[in-house]
Amino acid sequence: MNNAVPDNKSLTQSRVSVDLKTWGPFIALLALAMLGVLINPAFLGLDNLSNMLTRSAFIGIIAIGATFVITAGGLDLSVGSMAAFIAGVMIILMNSLVEQFGPGLTTILLGIGASLLLGLCAGFINGMVTTKGKIEAFIVTLGTMGIYRSLVTYLADGGTLSLDWGVRDIYRPVYYGHLMGIPIPVLVFLMVAVAGYILLNHTRFGRYCFAIGSNEKVAEYSAIHVDRIKTMTYMLQGVCVALATIIYVPRLGSASGATGVLWELEAIAAVIIGGTVLKGGHGRIWGTVVGAIMLTMIGNILNLTDAISNYLNGTVQGIIIIVAVYLQRASWRKSAP
Amino acid sequence: MHTRNHPLLSARRICRSFGQNQVLFDIDLELVPGEVHALLGENGAGKSTLVRILAGYLSPSEGEIRLEGELRRYRSSGDAEADGVVMIHQELALAEQLTVEENVFLGREIRRGPFLDHRAMRERCRTALAELETRVDPRARVKDLSTSDQQMVEIAKAITRDVRVLIMDEPTAALTEHEVEVLFALIARLRERGVAILYISHKLREIERIADRVTVLRDGRLIDSAPMAGRSKEELARLMVGREISDMYPERTELASDAEVVLEARDIVVPGAVKQASFTLRRGEVLGFGGVVGAGRTALIEAVLGLRARSGGEVLRNGQPVALRHLRDAVRQRIAYLTEDRKGKGLVLNMGLRPNLTLLNLRAYCRPLIDRRREEQAFKEAVERFDIRLRTQAATAAELSGGNQQKLLLAKVMSIDPEIVVINEPTRGIDVGTKHQIYHFVRELTEAGRSVILVSSEMAELIGLSHRVAVMCAGVLTGVLEGEQINEQEIMQYASGIKGVGADEQRRA
């Protein structure tokens with residue numbers, strides 16, 4: 001009976017610190033939202049909220065893929081250029097299909113299919129080169145980042161690729177439409193998040209990602225096909241990029257060399273703010289979702305106030321990223337016995 | 001007649017403890033100029049601890065060190081090196097990205113004014129390497145060198161100092177035969193020059209050739225210290241071991257005479273580690289693997305299980321050839337592997353206990369999502385069966401004690417219900433009580449008709465548990481001992497290459 005007392009104590013202690021770690025990003029998001037309301041009550045307006053969530057969907061979907069890559073100890077810098085490249089190819093393909101199929105559903109579905117296939121292949125290449133070539137992910141994806149960026153510039157001949165107007169009209173609702181009052185991009189974001197959550201926390205694949213990111217040797221000695229799993233995380237990332245692109249294309253109906261610039265860093269920032277450990281071994285999907293929303297929210301709040309110039313968006317984002325990670329590290333340190 | 005000079009470096013009544021665990025007891029040692037002093041002992045006898053104390057890497061808990069009669073208290077290896085006491089490491093301690101000359105002069109660069117004098121350093125480095133008869137380029141990066149060349153650089157680093165006492169911890173482990181000859185010639189020259197040399201090796205043949213004096217340690221105690229002249233290798237081997245095996249070990253399972261072969265390895269070759277090794281394992285048998293660290297036991301086992309690339313050989317399971325390219329293939333053949341590196345390869349330390357337990361056989365807990373309740377149940381069973389003691393609520397594997405980590409790892413490995421269990425160094429760094437439990441567990445396995453491969457550097461463990469003992473030396477499986485042959489002297493002789501396959505070649509060399 002005697003030793004039950006210290007047991008309970010340490011149990012509650014650890015529970016408190018776990019709660020802080022898990023709920024930290026959510027608390028920060030709430031604080032930021034409250035700040036938004038204080039600055040301008042219009043922040044809570046339904047239009048503003050739905051607009052903000054819609055905008056965060058691109059980065060959010062990409063960041064969910066990045067959560068897997070980073071959890072398994074990898075990194076993908078190529079996602080922004082990959083999105084631009086996929087968008088470019090999609091537009092060219094759909095424009096040329098118009099002649100054959102007309103500006104109908106077939107054209108769009110083929111474009112979407114091509115987009116997913118491209119994402120899958122691009123991720124496969126990143127994964128294979130990293131694992132089989134035994135080159136650091138940073139270097140490989142830095143390389144592919146440059147490749148995709150230059151390819152889309154080349155395809156657009158230095159200018160802008162524009163989607164056929166007929167196709168654009170039909171494709172438009174994918175970005176601007178609503179289902180049950182919720183913008184479609186937000187719905188897709190939510191679905192990807194739920195699927196990602198289940199995959200990361202309730203399947204073998206997710207468990208293996210954690211193990212590989214924590215200690216690749218242990219994973220290997222646990223009979224896990226380490227290279228295969230790592231490659232799969234990059235493919236998953238590719239699919240996420242493709243999904244984001246599918247939603248992105250109808251927004252502007254164009255792609256250029258400037259599409260998706262710095263998305264990779266925003267995605268990584270969202271993942272890190274959400275509590276995923278950059279060197280791998282621990283990942284949180286809901287944290288990533290919160291991180292992506294927070295990044296958009298900062299811009300949104302700055303838009304609603306005159307106190308800080310909109311041009312300082314990057315400064316505020318930068319500070320928040322560093323503070324968020326500092327707080328996480330501090331709580332890690334405290335909870336260590 | 002050889003007259004004994006005054007000792008240069010003398011250690012008196014050295015004791016050392018790590019926490020509760022005392023590893024050295026009242027050791028006296030004297031190193032005399034111009035003498036090669038060999039230090040012998042089994043793994044864990046305390047040799048490395050002793051020389052690390054002499055070279056300033058560790059401080060003694062008790063006792064004193066004197067240099068030419070003067071009391072010295074080394075607080076770091078730098079202090080000792082300033083006195084000319086230099087140690088060549090068993091594990092190479094070179095900065096991989098630097099060049100050879102940068103390594104040789106690391107921390108004591110020759111300067112001209114504020115700038116490095118590259119020419120002087122290169123000259124001296126070249127002279128030292130020439131003395132070692134190696135063709136290593138002083139400008140080569142260390143990471144591009146072979147292990148044996150790296151070892152030569154380590155030696156060059158030592159001899160470019162004004163060395164008075166040279167301590168060598170298994171210097172020949174990574175060297176080729178020719179390089180060993182060169183090293184011995186160098187040792188002879190240094191001895192002429194009046195350097196005191198302390199030489200640690202498992203290879204009795206080497207010691208017989210170069211040692212003037214031999215000191216034997218066993219279980220942290222000094223057993224014997226006397227001139228080498230007139231002593232035989234066999235006598236030394238007996239001194240090194242010669243301890244009673246207590247009733248730590250349960251009775252061996254009776255092996256049926258017609259027990260079938262469940263696993264066979266034929267002519268396994270691992271480049272740079274194993275030369276054409278073959279062995280068989282029968283149902284219900286414990287096959288021990290003996291030999292010194294680095295003899296190629298782990299390489300052989302891991303090559304058989306598909307964890308390492310091999311360049312030749314085949315594996316048969318129940319008489320059928322099987323291709324084991326990945327540990328997953330071995331798991332499918334119901335072979336389990338318990339690694340020797342619990343923390344580096346066995347458990348994910350920052351993960352919870354349940355996910356660690358189920359990681360090897362996660363498939364069994366999926367339908368298709370991971371069933372947490374089934375995981376929890378498996379964990380409860382494992383805690384019961386393997387007697388894992390949970391201090392409060394340990395959240396991660398890192399929070400368990402060494403013994404309990406080992407039991408958790410054992411439970412993880414057993415989760416595939418294996419027919420063959422390969423255990424590598426099962427009792428490294430764990431307490432006696434847990435050791436005992438693990439030995440009984442091995443017996444339970446064989447009683448249930450499973451087979452065990454036991455790789456161990458603890459002689460007593462091999463003798464106490466194995467039906468047969470395969471011994472390796474320098475990548476060669478020198479012999480498989482049975483029955484009466486399984487004793488410490490015999491294993492030692494096979495492990496140091498005095499007896500068995502390949503002994504002739506080593507003799508000729």
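Keep in mind that glycine also has a Cβ here, set from the backbone N, Cα and C atoms.
Here the structure is a predicted model, which means the values were calculated and not measured.
Within the listed segments A:104-125, A:258-279, TrEMBL records transmembrane segment for the stretch A:104-125. Take the transmembrane segment (A:231-249) and the stretches A:82-98, A:104-125, A:137-156, A:308-327: counting Cβ pairs under 8 Å, A:104-125 has the most. Counted over residue pairs 6 or more apart, the CB atoms of the transmembrane segment (A:176-200) and the transmembrane segment (A:285-302) come under 8 Å in at least three pairs, which marks the two as touching. Residues 69, 74-78, 80-82, 84-85, 87-89, 92, 122, 125-126, 129-130, 255-257, 259, 264 of the same chain lie 6 or more positions beyond the ends of the transmembrane segment (A:137-156) yet place their CB under 8 Å from a CB of it.
A Cβ distance under 8 Å defines the sequence-distant neighbours of the transmembrane segment (A:82-98), meaning residues of its chain 6+ beyond its ends; these are 58, 62, 106-108, 110-112, 114-115, 118-119, 122, 144-145, 148-149, 151-152, 155-156, 161-164, 166-167, 238, 241-242, 244-246, 248-249, 253-257, 259-261, 263.
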